Every structure is written in C-alpha cells, then in structure tokens.
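Novice: Would you mind keeping the following structure in view while I ask a few things?
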Amino acid sequence: MVAFGKKLKERQIQEWQGFYLNYKLMKKRVKQYAQQMEVGTQDRRHVLKDFSRMLDNQIEKTVLFILEQQGQLASRLTNLREQHDALEEMPEISQITELREAYRAVGQDLLKLLCFVEMNAIGLRKILKKFDKRFRYRFTDYYVKTRANHPYSQLQQVFKHVGLGAVVGAISRNLHELQDRQGSYLSIYDPPALPLQDPVVDSINAAVDRLSHSTNFLNFLAQHALIMQEELPAPTDECIDDERYHFMSLLLNLANTFLYMVNTYIIVPTADDYSMSLGAAATVCGIVIGAMAVAQVFSSVYFSAWSNRSYFRPLVFSSIVLFVGNAMYALAYDMNSLTVLILGRLFCGLGSARAVNRRYISDCVPLKIRMQASAGFVSASALGMACGPALAGMLQTNFKIYKLTFNADTLPGWVMAVAWLVYLVWLWISFKEPSRDIEEPPASSSETVENGALEEGKQPLLITSEEKQEDDEDPEGDGSEEAPEESRKPATSIVSAYRLLTPSVKVQLLIYFMLKYAMEILISESSVITTYYFSWSTSTVSIFLACLGLTVLPVNIVVGSYISNMFEDRQILLASEIMVCIGILLSFHMIIPYTIPQYVCSGLIMFVSAEVLEGVNLSLLSRVMSSRLSRGTYNGGL
C-alpha cells in the first residue's frame, strides 16, 4: 500500500540505503522467471538455483554490513568500559552522568541497527512468500532449512540476530551499574533480576522481542486473545501507554473476564434440571445456555463502540446488567416462568464486556507488558471456564428464605448476582479512567506493518513513488488504490472491516466457528447425555466439565512450547481437524452399547483437539489480519 511505502520511507536510514535487501530487484526477477517459464526458455531447476544465488548475495551484503556495525558498537563499548573502570577509582557525579548518556547514545544506535535487521527480515520473508505463491513451490522450506542449519549460515544473522544479544547485554549491564542502587551489589545476572528503569533499555528489549520470531508459550497464549501486537510501533506510543496504564484497572478487567466465563458455564450442569422443573424438555437447556452467546453478538458491538469514549462506564453498565440478568435467572424458579429464565440469560449476554477488556489491554497497557496482559486475559478465561462447573457442583443444597427458593438450580444465579455486586463496588472504588487526548490520533497500529499482512504479500519493503505504477499493474494485487490517509485509519464499519478480510482469513474464521460449534455442543449437552445414558448426578457432570476446562492451559503449554516448534501450522491444523472429527464420530451411539469410557474418551479427544485447533488458528489470525483491524470499534477481537 502507498501508506506502507510512505511509512518505510520515513523509517529508512538514508546513509544505509545501499545495504538493504533490494526488494524491488528481487520482485522484478520473480516476474521475469514466471514469464520465462511460461514461454519455456527456463526450467524450474535453473530458476531455483539462480534465485537461491541471488538471495545468498543479497543476504551476504546485508549481513556483512550488520557485522561491521556490530564491530563499531563493540569498539565504542570497549572505550566506554575503560572510562567506566577509571571512574570506579575516582568517581565524579558529572562524569558518571556523561558516561551514562554515552551508553544511552550507543543504545540509540543499536535501536537503529535492530530496526535495519527487522526491516530486512520482513522483506526476506515477503519475497520468499511471493516466490512460493507465484511458482506453487515450497521454496521457503528448502531455502531456510539448508541455510539456517548450515555451520556457516548468514541467515542466522537476519532471523536470529546472532551477536546483537552481547551488545544488548553490555549496554544493559553497564547502565544498571551506573544507576543508583542504594548500596545493592546485585547485577542484572543475579536472581531475582532487578528491574532497570531506563527507557533506552526498555526500547531495546521491545525491539528484540519484535525481532524474535521463535514461538514460546507466553506469545502463543497471548495470541489467543487476538490482541494484535504492533510490529513497528512509534516510540511515542510507549510513553502514551505508560501514562494511561493503571495496574488495578488492568486487574479489574481480568477479573471481569474471569467472572463472565464463570457466569457462562456455572449453569451448564443444572440447566437441564432447571428447564424440566419449569415444564420444558431437558433439551431446552441448549437454548438457555446459548441465549447468553446470542446476546453477546450484539453487546460486543455497542461495548466496543462505547470503549472509544470510556472504559469505566461500560464496565459499570456491564456489572449492573449482569446482576439483573442473574437475579432474573434465579427468580424464574419461584415465578415458574421459562420466559424469565431465558430473558435472564439474554440480559447476561447483553452485559458481556469482553470487547472492553480486549480494548483496554490493546490501548492502555504498555507494549513491554502487553504480551503478559494478553496471556493473563486468556488464562483468566480458561480458569473461569473450569471454575464455573466446579462451583455448580458445590452448590448442592435446598432451602427457602421467605418466598425465595435456594437450590442447585437457582443458587448459580444468586451466587453470580452477589459476585457482580461485589465486583461493582470494587470497580467503583479502584478503577481509574485512562486519560484521553482531545483529538483522537490515528490508530498507531495502522501506522505499523502487520507481520501477517507482509507474509500475505500485500505490501513491499522499500517502495518509492516510481514503484507505485508497477505495483498497481501487479496481477498478484500487491498494491492498493487506497489513499494514504485512508489506509492508515481503522475500519469504520462492519462492511469496511469485512472487506479487509482476505480469503485465508475468512477460511480461518470459518474454522473457528466450526470448532466452537463442536465444543459448545459437547459442553451444553453434557448434562442431558450423561443423565440419559449413565444417570450421572450434577456433581459428577460438574467434575467432568471442570476437568475438561483444566486441560486448556496444559494443552497450550505443550502446543506453544513444543508442537508448534516441531511442525508447520498447516500440519497442526489438519491433524487437529482430523482428531476433532474422530472425537465426534466416537461420541455417537451406534451398534455397541454406549459406555462411560466411550463418552469420556470421545469428549476428551474432541475438546483437546479443538483446543489445539483454536490455539493455532488464533495464532495465525493474529498474524495475517490487516493492521487496520488491530484497533478501533470494528477490530479483530470483535
């Protein structure tokens, strides 16, 4: 897009221009190869060999420049180390301040180098993706495996930033030593690690985190929240986030997420009995449970829009509506009204503030801890999903106060009503509304480059005005006719947001819909199935559902830390889809008698496989969605 080219032109370091990967030349060469193969003047083997050699040359040029710059930084750090040693014998405050500023200057130059490496890494990934797409050949796998694992690999310098870690460590350690530690003799290497309050080091660490593409559990878990990280954030964004961040407010948002998930699943073990006590069929429990999710479809839109102006008021409104909804759910028993029961659940869905919780993390949490906050959002959801049925299993009592009945059917409603009332008081006392600018600035994420958009081949690395015409004529649709300012803005409507979805994103959203469909059927109908076939009690159903919920985090640990590093995402997607189908087929009662081991095993296979599928699918979605969907009312999370 033109806006992306403008942004990169602003970020490009002019004196280093000749050392960037020549993306324009490589793109033209790919087109030439395609034309030559069409007319039969080139065969695939020669094309692969020639393009590999061209990539090797481009990477070698960039890597040798990176090493040269690292050497200059190392030389400057060596000189500063000598000055540091001299100051230890005769310390002077003014010289210590000058030395600290000198280390910070080296840190700023290191940030420039990290940005240089990052932009070249993005360009390399993009041209490899373009080559694979054009020739229907998995050249990326071949090239990365043969180069990255070679003992003389230069590719490691681009993707693993080998050597830069030593420079980062030297700057961090020396700034740590020069900082006033009130007599502490601990270094950055001694546990527990002391926090270094220096903006240069924070910026460097953020840049290194963005540059690192190795999968880890925290990153994998955070992507479940679909709170997309900016790839090239402006430095001012982090300062703004620090001013708006309030820990207790973040904790209140996570508590809201936890309570809402408890509220969703606490009624599952008893919903069939409740429906039957009101004169309806047991299977009506599916409508009772699903009513909350149906209402959430509508509430998410107005809560997301409301959060453009305030975070506190939507959370207060959510707590009040959820209190009313749970009270209606509990009172339906004494009123003998199925309508009140379903309306109570609809009210609970209309109080869903998960869109606000996501927006708060995306807009108000500093970049350096946003990954942890996103992981906390997912963990709170998983914990609530497990605690809901477990709590229902403990509410097995029956008594009356005046005309109000308190039993296994109504207690989930009363308990959650009290919980939301307590939460409302806590919210009113402790929440701090983040400051807002008078003029709402353009979403910072739209000024950045989303990694997934680059890998989809939508935008060039270093584009000039001369390339715009060529991109507009590109049959692959890399360019865009969109005006620069328009392309920087978030989506302003459902229609504009839908138009930003690529075919691959639509497929992934369909996969997400189907896996959620399978999971909700398993959970919602568990009490009906187990009562009909096995005569399970409410406590037994609660234990079964709680055990399913407790598998969420361990499964994500295994997938995020191990499986995703061993296999490609598409392989994990296909395998987990097959396993979900197997779990569904095993759950049917066919010829042989239906047994408890068959039901438990099929449910476990279906649920765990769907969790794996959801994790990988959301991880992919967070990378390939347009950067314009990372903020604003109509965002990717919505």
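Just so it is clear, glycine is given a Cβ too, placed from its N, Cα and C backbone atoms.
Straight from TrEMBL, here's the annotation block:
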- 468-484: compositional bias 'Acidic residues' (COMPBIAS)
- 2-145: domain 'SPX' (DOMAIN)
- 460-490: region 'Disordered' (REGION)
- 250-268: transmembrane segment (TRANSMEM)
- 280-303: transmembrane segment (TRANSMEM)
- 315-332: transmembrane segment (TRANSMEM)
- 338-356: transmembrane segment (TRANSMEM)
- 377-399: transmembrane segment (TRANSMEM)
- 411-429: transmembrane segment (TRANSMEM)
- 509-534: transmembrane segment (TRANSMEM)
- 540-560: transmembrane segment (TRANSMEM)
- 572-592: transmembrane segment (TRANSMEM)
- 604-621: transmembrane segment (TRANSMEM)
Novice: Determine which recorded stretch among 250-268, 315-332, 572-592, 604-621 has the most C-beta pairs below 8 angstroms with the transmembrane segment (280-303).
Specialist: 250-268
Novice: Return yes if the transmembrane segment (604-621) and the transmembrane segment (509-534) have at least 3 CB pairs under 8 Å (sequence gap of 6 or more), otherwise no.
Specialist: yes
Novice: Please figure out which one of 338-356, 377-399, 411-429 racks up the most CB pairs under 8 Å against the transmembrane segment (540-560).
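Specialist: Ranking 338-356, 377-399, 411-429 by Cβ pairs under 8 Å to the transmembrane segment (540-560) puts 377-399 first.
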Novice: Which residues of the chain, 6 or more past the ends of the transmembrane segment (411-429), have a CB below 8 A from one of its CBs?
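Specialist: Tertiary neighbours of the transmembrane segment (411-429) are 252, 255-256, 259, 262-263, 266-267, 270, 312, 315-316, 319-320, 322-323, 326-331, 344, 391-392, 395, 397.
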Novice: Tally the residues of the domain 'SPX' (2-145) by DSSP class, grouping H, G and I as helix, E and B as strand, and everything else as coil.
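Specialist: Counting residues by DSSP class gives 129 helix, 0 strand, 15 coil.
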